[in-house]
Amino acid sequence: MRIDIVTIFPEFFSVLDVSLLGKARESGLIGLGIHDLRDFTHDRHRTVDDTPYGGGAGMVMKPEPWGEALDSILVPESVVIFPSPAGEPFTQATAQELSTEPHLIFGCGRYEGIDERVVDYTATRARVRCMSMGDYVLNGGEVAAMAMIEAIGRLIPGVIGNPQSLLEESHSDGLLEYPSYTKPAEWRGLEVPPVLLSGNHGAIAAWRREQQLERTRRIRPDLLD
Ligand SMILES: Nc1cc(-c2ccc3cc[nH]c3c2)n[nH]1
């Protein structure tokens, strides 16, 4: 997979050079390109925003720099993702779906957002997804893009050492994950559930499934609808 990111804060994504995704890049599993939107401006002040038509507070990102930036990286197979509080919910299912794509482009907005014509025009040349990370408002798309890149990247075969662990996490099967324990067997008067020390794998699997269902009912009943 190749991932390209367009942003006015390219340094924000330098963290992708380390940890899990850093290794995936070194091994060639993920190609990464980070593009400064201001490199696609032509005025002395490298202007990327202007006042909104129709009035209102704040500034809107100009379409021209976005058009040139996306022209420089877009191919018909691309999926262009615009983080947005007005987008469709990004879920584990979305991450799974996008992890099979050959090319993702993340368009990180700032200010009050990007001129809508950028979304409309880009949709004539590639698939466009406006995606929300949740019902709260960030100052820009970079944090959302970072979260999506991590959620997607870790699902790419070969990125995670033990793919079995992907099968047992929250949301991988539509339920919250079961509680986990490790040594010591007793800690500050708290003991590990005895079934986990029994060696009875059938009983352990049944207990874990029940824990998933109980947790999901208690914490996220909406997942059971
Ligand atoms: N889930 C979520 C996305 C955002 C978001 C995404 C892009 C921009 C650009 C300017 N403000 C933004 C906010 N907030 N919350």
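Quick reminder: no glycine exception, Cβ is built from N, Cα and C everywhere.
Quantities reported herein were computed from a predicted structural model and do not represent experimental measurements.
When G107, G109, G174 are compared with the S-adenosyl-L-methionine site residues M133, G134, D135, Y136, V137, L138 in TrEMBL, the one appearing in that site is G109. When the binding-site residues M133, G134, D135, L138 are checked against ligand 1, M133, G134, L138 have a Cβ within less than 6 Å of one of its atoms. Its Cβ placed at the centre, Y136 (S-adenosyl-L-methionine binding site) has 7 other Cβ atoms within 10 Å. Between the binding-site residues G109, G134, G109 has the most other Cβ atoms inside 10 Å of its own Cβ, all protein chains included. The Cβ of V137 has fewer other Cβ atoms within 10 Å than any other of the binding-site residues M133, V137, L138. Contacts of D135 (S-adenosyl-L-methionine binding site) defined by a Cβ separation under 8 A and a same-chain sequence distance of 6+ are given as P85, in order along the sequence.
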